[in-house]
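What TrEMBL says about this one:
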- 36-43, 49-50, ARG88, 115-118, LYS126, 142-143: substrate binding site (BINDING)
- HIS37: active site, tele-phosphohistidine intermediate (ACT_SITE)
- GLU115: active site, proton donor/acceptor (ACT_SITE)
- 144-199: region 'Disordered' (REGION)
- 170-199: compositional bias 'Low complexity' (COMPBIAS)
Amino acid sequence: MAGQGRPPVGRARERSAASITLGHMADAPYKLILLRHGESEWNAKNLFTGWVDVNLNEKGEKEAVRGGELLKDAGLLPDVVHTSLQKRAIRTAQLALESADRHWIPVHRSWRLNERHYGALQGKDKAQTLAEFGEEQFMLWRRSYDTPPPPLADGSEFSQSDDPRYASIPRSCAPRRSASRTSSTGCSRTGTTASSRTC
């Protein structure tokens, strides 16, 4: 979510607790607001999710509403939202915008903001994967920019090859795994890093 403008003088102190000061960037005319998606059904089960399109659970919907309330209370009102094509991110944005009374602003969606693609790890229990492969390999797959997880098998139930949302992605760019995490308002484990994919 991105907001424009400087806060009124009387509200500057209120906002300082909710925003990070970046030296000379504090006076920039735009603010970047990152909001992670609420808890999904697979988050609650501790499963690798990646590009599998999983819904928010009830707790996640409440978290999204609360996120919007916090944005509104802090006076951090976005002018435009960018989100992934994944319903957990889309639904989080919808609920947060509704509770912040910003349901009317433009929302742009892109597959480039999708969560990291976990390849063959998608759908697997994280604790079992850690026990099977050890902490070093587990963390490389989860956090490394240059160590992709095992590729998704052709015909996997978790493949996006027939998903119409991704029909316009060049075949050479369609992920079966990814070594990059993508930034997102509502998606990605950290929601702070930019994709290195050049497609």
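Here the Cβ of each residue, glycine as well, is placed from N, Cα and C on the backbone.
Nobody curates TrEMBL annotations by hand; they come from automatic prediction.
There are 27 other CB atoms within 10 A of the CB of ARG116 (substrate binding site), with all protein chains counted.
Counting other Cβ atoms within 10 Å of each Cβ, the recorded positions ARG36, HIS37, LYS126 show the lowest value at LYS126. In this structure the alpha carbons, written CA, of GLY50 (substrate binding site) and HIS37 (active site, tele-phosphohistidine intermediate) are 13 Å apart. Separating the Cα atoms of GLU115 (active site, proton donor/acceptor) and TRP42 (substrate binding site) is a whole-number distance of 13 Å. LYS126 (substrate binding site) falls within a helical segment according to DSSP.
Taking the recorded positions GLU39, GLU115 in turn, the residue surrounded by the fewest other Cβ atoms inside 10 Å of its Cβ turns out to be GLU39.
Working note on the binding-site residues TRP42, GLY50: by count of other C-beta atoms within 10 Å of each C-beta, GLY50 ranks first. Cα of the residue listed as 'active site, tele-phosphohistidine intermediate' to Cα of ARG116 (substrate binding site): a span of 14 Å. In the three-state DSSP classification, TRP42 (substrate binding site) falls within a helix.
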